[in-house]
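Under the heading domain 'Carrier', Swiss-Prot lists 5-82. According to Swiss-Prot, the feature O-(pantetheine 4'-phosphoryl)serine maps to SER42, an assignment based on sequence analysis.
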Amino acid sequence: MSDRPFTLADLQRILVEAAGADESAGPDDILDTTFALLGYESLALLETGGCIEREIGISLDDDTLTDALTPRELIDHVNERLAAARVA
């Protein structure tokens, strides 16, 4: 499990690996843009979630992944799960 917060840079890297994200989009371009507008459907988010789980060693449920509307929401949820896992 990671001992540092999950960041937008982490998410962008994983999106590129898992779903072929546009690497040229900057943080200001995507943080609060919906995944739908960024071109990601639920299957791409589930694949991204699997990569996050393997990389940082936490469990994410499918509903959380598909309910996150923006990268900011997903990052916040991942960091909440990380914090909870560190305490447990």
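Using the three backbone atoms N, Cα and C, a Cβ is placed for every residue, glycine included.
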**Item:** Number of other Cβ atoms within 10 Å of the Cβ of SER42 (O-(pantetheine 4'-phosphoryl)serine) across all protein chains
**Value:** 13
**Asked** If you run through the domain 'Carrier' (5-82) with DSSP, how many residues end up as helix, strand and coil?
**Response** 53 helix, 0 strand, 25 coil
**Asked** Taking the domain 'Carrier' (5-82) alone, what is its mean pLDDT?
**Response** 88
